[in-house]
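A.B. asks: Pulled from TrEMBL, these are the listed features:
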type	residues	note
REGION	1-20	region 'Disordered'
DOMAIN	41-149	domain 'Flavoprotein'
Amino acid sequence: MYYRPSDGPRQEEEPVSADSRGVLGVVGTATDGVETLRTGLVEPALALGWQVAVTLTPTAARWLRANGELDRLESLTGLPVRDTPRLPAEPRPHPVADCYVVAPASANYVAKLATGIADNQALTQVSEALGTVGVPVVVFPRINAAHARHPAWEGHLGALRRAGVSLVYGADVWPLHEPRQGPADRELPWAAILANTAVRAD
Ligand SMILES: Cc1cc2nc3c(=O)[nH]c(=O)nc-3n(C[C@H](O)[C@H](O)[C@H](O)COP(=O)(O)O)c2cc1C
C-alpha cells in the first residue's frame with residue numbers, strides 16, 4: 001500500500017534507505033511508448049537502487065489509468081503516481097528528487113518546459129529542477145520529423161541545453177521518421193535513457 005496524503009505527514013525528511021542511489025523523479029508524457037514506462041525504465045531503475053517517484057502529465061495519466069499501468073506503477077514504487085498538484089494544506093506525496101528523467105517527452109512537453117510553462121504537476125516539478133543547483137535533468141524527446149521541423153523546435157532544444165538538460169536525442173538514439181511512417185513496433189531507447197541518467201546522477 002502506498003502513502004496517501006490523508007495518512008498524515010511524511011516525506012521530505014523521510015530517509016532514503018542506505019543502499020539507495022537516491023530519489024529518481026520519473027516523468028512520463030502522452031506519447032507512443034509511454035505504456036512501457038514501467039518495464040523500460042521504472043523496474044530497471046529500482047533494480048539499480050533508485051527510489052522511484054513517478055509523475056505523469058494529465059493525458060498520460062489518463063492513458064495509463066485506462067490500461068492498468070498506473071496501478072502497477074504505484075504497487076511497484078510504493079508511492080502514488082502524481083498527475084495533479086496537491087492542495088496547499090496537504091503534505092508532498094513524493095520525496096524530493098535527486099535527479100529527474102522525462103521519458104518519453106512529447107513535443108508539447110518539451111515546448112512548454114523550454115518556455116517556462118508549468119501548468120501541470122509534471123511540468124511544475126521539472127521546471128523547478130531546471131533552476132535548482134545540483135538536480136540533473138535528462139529528457140528524451142519522443143518526436144517525429146515533423147515536430148523537429150517546427151520553426152520553434154531548435155530554439156526549444158537550445159534553451160534546454162543552456163539550462164543544463166541532458167538530451168537523449170539524435171540519429172544514433174532516435175532516428176526521426178515522418179508522422180505515421182515509423183516502424184509500428186518501435187521500442188523507446190530505454191538503455192540509452194538509463195545510461196544517460198546514471199552518468200548525470202554520478
Ligand atoms: C496515440 C497517440 C500517440 C501520440 N504520440 C505522440 C508522440 O509520439 N510524440 C508526440 O510528441 N506527441 C504524440 N501524441 C500527441 C500528444 O499526446 C499531444 O500533443 C498531447 O497534448 C501531449 O500532452 P502532454 O505533453 O501533456 O502529455 C500522440 C497522441 C496520440 C493520441
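Even glycines carry a Cβ here, placed using N, Cα and C.
Any TrEMBL annotation is an automated prediction that lacks curation.
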A.B. asks: Note the mean pLDDT of the domain 'Flavoprotein' (41-149), expressed as a whole number.
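C.D. replies: Taking every residue in the domain 'Flavoprotein' (41-149) and averaging pLDDT yields 97.
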A.B. asks: Using DSSP, what is the helix/strand/coil residue split across the domain 'Flavoprotein' (41-149)?
C.D. replies: 47 helix, 20 strand, 42 coil
